[in-house]
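Inspection log for the structure reproduced underneath, given as structure tokens.
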Amino acid sequence: MAMAGVFVLFSFVLCGFLPDAAFGAEVDCSRFPNATDKEGKDVLVCNKDLRPICGTDGVTYTNDCLLCAYSIEFGTNISKEHDGECKETVPMNCSSYANTTSEDGKVMVLCNRAFNPVCGTDGVTYDNECLLCAHKVEQGASVDKRHDGGCRKELAAVSVDCSEYPKPDCTAEDRPLCGSDNKTYGNKCNFCNAVVESNGTLTLSHFGKC
């Protein structure tokens, strides 16, 4: 289960309540302290208080402040689904689907085109469970089924602005991001440097560790 939570300073571009997303609850982001960073930008200051909440993106955040910080930093409309950690994923048995082995030794899952959408923990809607299994097996992705039916829009992968990168040196700030390559990047700087190296093929899967 993805979890985002550390002591961080995030770019603070707005105050007040986060938008009330589907099934979500408003979080008053204006109650959290802010400061000014070296670049003169207002930043939101969060601590490590362990009061986990589940965001509408399916990620468990350490506390309300961290949810606000990620949402504001990346311009999302993620709000609070409920207090406590996000619920466990729905079990699925990928071994029940037929498969074959390619000439180069890779296992390929054989799927039909039946349309029975499921939502993956990566925020992607798959046409059916078999196709989710195919992605998991063939790409080695750490993705599971969150629920039957398509993902809500809050779960869609967030576009990260990497226009100011690459940068030769990144800070040690620990605000993890999970990339579409199933690798965890320590912060936005590390992630964006990797995006540049990939010629833009790398995207954000979700906040927190993979």
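Positions of Cβ are set from backbone N, Cα and C atoms, glycine also.
Per Swiss-Prot, signal peptide is recorded for 1-24, and the stated evidence type is experimental evidence.
Annotation source Swiss-Prot lists domain 'Kazal-like 1' at 25-88.
Look at Swiss-Prot and you will find Cys29-Cys68 (among others) tagged as disulfide bond.
Neighbour density for Asn34 (N-linked glycosylation site): within 10 A of its CB lie 16 other CB atoms from the protein chains shown. According to Swiss-Prot, the N-linked glycosylation site annotation covers Asn34 (among others).
Among the features that Swiss-Prot reports, disulfide bond is placed at Cys46-Cys65 (among others). Cys46 (disulfide bond) carries a strand DSSP state (E or B). Other C-beta atoms found within 10 angstroms of the C-beta of Cys46 (disulfide bond) number 25, with every protein chain shown included.
Residues near Cys54 (disulfide bond) in space but far in sequence (CB under 8 A, at least 6 apart, same chain), listed by position: Thr60, Tyr61, Lys80, Glu81, His82, Asp83, Gly84, Glu85, Cys86, Lys87. Annotated disulfide bond per Swiss-Prot: Cys54-Cys86 (among others), in sequence order.
In the three-state DSSP scheme, Asn77 (N-linked glycosylation site) falls into the coil class. According to Swiss-Prot, the feature N-linked glycosylation site maps to Asn77 (among others).
Marked as domain 'Kazal-like 2' by Swiss-Prot: 89-153.
A coil conformation is recorded for Asn93 (N-linked glycosylation site) in the three-state DSSP classification, outside any helix or strand. If you look up Swiss-Prot, you'll see Asn93 (among others) marked as N-linked glycosylation site.
Per Swiss-Prot, disulfide bond is recorded for Cys94-Cys133 (among others). If you draw a 10 Å sphere around the CB of Cys133 (disulfide bond), it holds 24 other CB atoms from the protein chains shown.
Following the DSSP three-state reduction, the secondary structure of Asn99 (N-linked glycosylation site) is strand. According to Swiss-Prot, the feature N-linked glycosylation site maps to Asn99 (among others).
Sequence-distant neighbours of Cys111 (disulfide bond) (same chain, 6+ residues apart, CB-CB distance under 8 A): Tyr97, Asn128, Cys130, Leu131, Cys133, Ala134. The feature disulfide bond is assigned by Swiss-Prot to Cys111-Cys130 (among others).
DSSP gives Cys151 (disulfide bond) a coil state; it is part of no helix or strand. The Cβ neighbour count for Cys151 (disulfide bond), using a 10 Å radius and every protein chain shown, is 21. Residues or ranges marked as disulfide bond in Swiss-Prot: Cys119-Cys151 (among others).
Taken from Swiss-Prot, the feature domain 'Kazal-like 3' applies to 156-210, supported by sequence analysis. For the domain 'Kazal-like 3' (156-210), the model's pLDDT averages out at 85.
Annotation comment: Swiss-Prot describes Cys162-Cys192 (among others) as disulfide bond. Cys162 (disulfide bond) falls within neither a helix nor a strand when secondary structure is assigned with DSSP, and so counts as coil. In sequence order, Phe191, Cys192, Val195, Val196 constitute the residues six or more apart from Cys162 (disulfide bond) in its chain with CB-CB distances below 8 Å.
For Cys170-Cys189 (among others), the entry in Swiss-Prot reads disulfide bond. Of all Cβ atoms in the protein chains displayed, 17 besides its own lie within 10 Å of the Cβ of Cys170 (disulfide bond).
Comparing CA positions across the disulfide-bonded residues Cys29, Cys65, Cys178, the one lying closest to Cys170 (disulfide bond) turns out to be Cys178. When the recorded positions Asn34, Asn77, Cys151 are compared by Cα distance to Asn93 (N-linked glycosylation site), the shortest distance belongs to Cys151. For the disulfide-bonded residues given as Cys68, Cys192, the lowest number of other CB atoms within 10 Å of the residue's CB is seen at Cys192. If you measure from the Cα atom of Cys65 (disulfide bond) to that of Cys94 (disulfide bond), you get 37 Å. The DSSP secondary structure for Asn199 (N-linked glycosylation site) is coil. Closest to Cys119 (disulfide bond) in space, going by CA atoms and restricting to the disulfide-bonded residues Cys29, Cys189, Cys210, is Cys210.
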